[in-house]
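Asks: My questions all concern the structure below.
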Amino acid sequence: MSLSSEVAKRRTFAIISHPDAGKTTLTERLLLSGGAIQMAGNVKARKSGRHATSDWMELEKQRGISVTSSVMQFEYGGKMINLLDTPGHADFSEDTYRTLTAVDSALMVIDIAKGVEERTIKLMDVCRLRTTPIMTFVNKMDREGRDPIEVMDEVESVLDILCAPMTWPVGTGKLFRGVYRIYDDTIHLFAGRPGNDKEKDTFIDGLHSAEADAALGGYAAELRDELELVQGASNEFDLEFYLSGELTPVFFGSAINNLGIDELMENFARYAPPPQGRAAQTREVSSAEESFSGFVFKIQANMDPSHHDRIAFMRITSGHFEKGKKLRHVRLKRDMAINNASTFMASRRDQIEEAYAGDILGVHNHGTIQIGDTFTEGEELKFTGIPNFAPELFRRVRLRDPLRAKALQKGLIQLSEEGATQVFRPLNNNDMILGAVGILQFDVVAHRLKAEYNVECAFDAVPVATARWLHFPDAKMEEEFLRKNESNVARDGADSLTYVAPNMVNLQLTIERWPDVEFRKTREI
Ligand code: GDP
């Protein structure tokens, strides 16, 4: 098959949802329907830490959560689908944000009983940074929930995106027995629950057919009235609006019962965008280019802590990869033969043979690769748009054994390069301040410092409320600003200057006082 048809087959996406909405259950269903795993339960097993083999992973096991995200590949409807998992626990991490920079679309899962929840709002904000197209799956229709119309209204008003229902539930709660496919005017009635015996399902042509009356009895008229109302109040599906992130097609179903998922996936395979181009500093790189390029969006410490072995997750932006291919590590200005890259076929972690734009490579390394690194076939490219986010939580590191200060510094710089935490070193003292987006990141850092660097430390509260990356119009202003604000300026892990504000009022006043200085909420790596 040609390069262009291989690339055109790829669909790379992530699921965004609030914890408990059903992301794991749906993931499992998708893998099953793609034939990628033999039995249900694998994803759950991973969630509870079955693969935990290092001390650090021990943390996941103890808490029964997945701290790291991974990549799963499966086939559906002739498409090669890459599903990038985002951490499922209640905490919020930067990995999640950055994973969203590596996908071409997202699937939002909403619990019919809960509607739009807090995490969904945050994740949508991140998707907006790159106008990622979003499909919506309203889950748990087998339960008594809220009125579907009301939930769609909430999506529209809270998330500021238009809804186009693609399916509509035939009955809800105990009476949920099918979906009406608005997109092709077909009623799909489930044979039973769970819906694994699909051959027995019934498909009826036309909502207004006599067959519909025969199958649904008195409910047929009710369903017709409801749809008239729904279609009057919502939008029709429009591919262009979906691709520009202004409209989300909405599907209803039940992940655990395997109901309504075929409709979702069929339309996902049909409409979700193939690999998109990416902006680099010098030019826009198209996914149709033959020459290889890719960027690293995530680093995961590997199973063996004593070797500091890590996997760099690289999204291929253009071209083709095969085992042993020589790639240019642009930042280090060095060519590397990539012999041990893996891909992620569901539960197996295969040695990769070939991969194409849209796919994710897992490249083993010993710390030579950082988040944000670009790889090419020789061109001096640097992809942009992989963000560090302004942390919202801060702690001062207290070393238990002062003689381990050097090891601590080394460990923290490496962990910050990996994106596990952010480090801030104030200009006017020797503190090490850690910043995180989610509270659990501190636990992970403490755990890994001990396991991998033999450093024991504790964390103290520190009067820092937020950080902003500073950009000055000229050196003179920079000097003046630093002189007047020295006690509130720090260098991050990459030596960039940041303003660390003791509180939001202070930040606001400083911004007003220095109108020509930029205070950025993200730093591009
Ligand atoms: P996650 O935190 O988003 O990954 O959510 P999970 O997939 O772990 O699901 C959370 C809970 O909801 C679990 O107890 C699931 O069994 C349950 N669940 C998932 N899908 C459905 C569904 O369609 N109907 C019902 N009733 N429960 C569901």
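Just so it is clear, glycine is given a Cβ too, placed from its N, Cα and C backbone atoms.
Note that TrEMBL annotation is computational and uncurated.
Residues annotated as domain 'Tr-type G' in TrEMBL: 8-276. Feature annotation from TrEMBL assigns GTP binding site to 17-24, 85-89, 139-142.
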Asks: Checking the binding-site residues Ser17, Asp20, Lys23, Thr86: which ones have Cβ within under 6 Å of ligand 1?
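Replies: From Ser17, Asp20, Lys23, Thr86, counting a Cβ under 6 Å from ligand 1 as near, the near ones are Ser17, Asp20, Lys23.
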Asks: How many neighbouring Cβ atoms, not counting its own, are there within 10 Å of the Cβ of Met141 (GTP binding site)?
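Replies: Step by step: centre on the Cβ of Met141 (GTP binding site), count other Cβ atoms within 10 Å, giving 23.
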Asks: Validating a neighbour-count step here. Other CB atoms within 10 A of the CB of Ser17 (GTP binding site): how many?
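Replies: So the number of other Cβ atoms within 10 Å of Ser17 (GTP binding site) is 24.
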Asks: Going by DSSP, is Lys23 (GTP binding site) part of a helix, a strand, or coil?
Replies: helix
Asks: Specify the secondary structure state of Ser17 (GTP binding site) as given by DSSP, simplified to three classes.
Replies: strand
Asks: Average pLDDT across the domain 'Tr-type G' (8-276)?
Replies: 85
Asks: Given the binding-site residues Asp20, Lys23, Thr86, which one has the fewest other C-beta atoms within 10 angstroms of its C-beta?
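Replies: Relative to the other binding-site residues in Asp20, Lys23, Thr86, Asp20 has the fewest Cβ atoms within 10 Å.
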Asks: What three-state class does DSSP give Thr86 (GTP binding site)?
Replies: coil
